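What follows is a single structure, written as structure tokens, with notes after it.
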Amino acid sequence: MTAVNIWKPEDNIPREILAILSKPHPNYQLAFLNIIQLLKTQRRTGWVDHGIDPCESISDHMYRMGLTTMLITDKNVDRNKCIRIALVHDFAESLVGDITPNDPMTKEEKHRREFETVKYLCESIIRPCSESASREILDDWLAYEKQTCLEGRYVKDIDKYEMLVQCFEYEQKYNGKKDLKQFLGAINDIKTDEVKKWTQSLLEDRQAFFDSLKE
């Protein structure tokens, strides 16, 4: 009977980082930062698949999301929590990769891999540095993943909004010749009133741009 290979985060850590972790007294801070560095070099799959070269990295996306959350004016929102959630919401992709709906993987398996990665990073690499950081990062990631708080919902919307902004930037860069309309489907997933307003303003600017190409 053939054994089933189950994906595990620890099996996907680069050799040079494993070398750090295998030392008698591992430098866990360095190992963690080296893993996060992978987000700076991994390109966002959706743009790669549409021939955008060069395109943004996962880290680029999360950084601008974090800054965007600072623009929230809703007084009921803890913006500092939003910033934290934005910074960690995709950090499992450092080992899992940027999986899209076009990839041959179920949503359940994608979630399992990401959750296992977050647990592994928090328990095995971050906790030896800081127990409080380990708990906070896991809690913030779950707040986004499970949408358990207002801040998680705002960051979910800003995830979509930032992608739409990036889409428009690439449409402008390629003078409207790249067909990126499929990314506009994210508009319907935005729930909060404030981010809806941002999106409507963005769409008006986008329409004006495409109208100008017809002149």
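In case you wondered, yes, glycine gets a Cβ from its N, Cα and C as well.
These numbers come from a predicted model, not from an experiment.
Features of the protein shown, as given by Swiss-Prot:
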{"type": "DOMAIN", "residues": "58-164", "note": "domain 'HD'"}
{"type": "BINDING", "residues": "His61, His89, Asp90, Asp159", "note": "divalent metal cation 1 binding site"}
{"type": "BINDING", "residues": "Glu93, Asp98, Ile99", "note": "divalent metal cation 2 binding site"}
Task: Assigned conformation of Asp159 (divalent metal cation 1 binding site) - DSSP reduced to three states - done: helix
- [ ] Could you tally the C-beta atoms, other than its own, that fall within 10 angstroms of the C-beta of Asp90 (divalent metal cation 1 binding site)?
- [x] 22
Task: pLDDT averaged over every residue in the domain 'HD' (58-164) - done: 96
TODO: Could you break down the residues of the domain 'HD' (58-164) into DSSP helix, strand and coil, giving a count for each?
DONE: 76 helix, 0 strand, 31 coil
Open item on the list: For the divalent metal cation 1 site (His61, His89, Asp90, Asp159), what does the 8 A shell look like? I mean other same-chain residues with CB within 8 A of the CB centroid.
Closed with: Ile58, Met62, Met65, Ala86, Val155, Glu162
- [ ] Give the sequence-ordered list of residues that share a chain with Asp98 (divalent metal cation 2 binding site), lie 6 or more positions from it, and have CB atoms under 8 Å from its CB.
- [x] Gln42, Arg43, Arg44, Thr45, Gly46, Ile58, Asp90
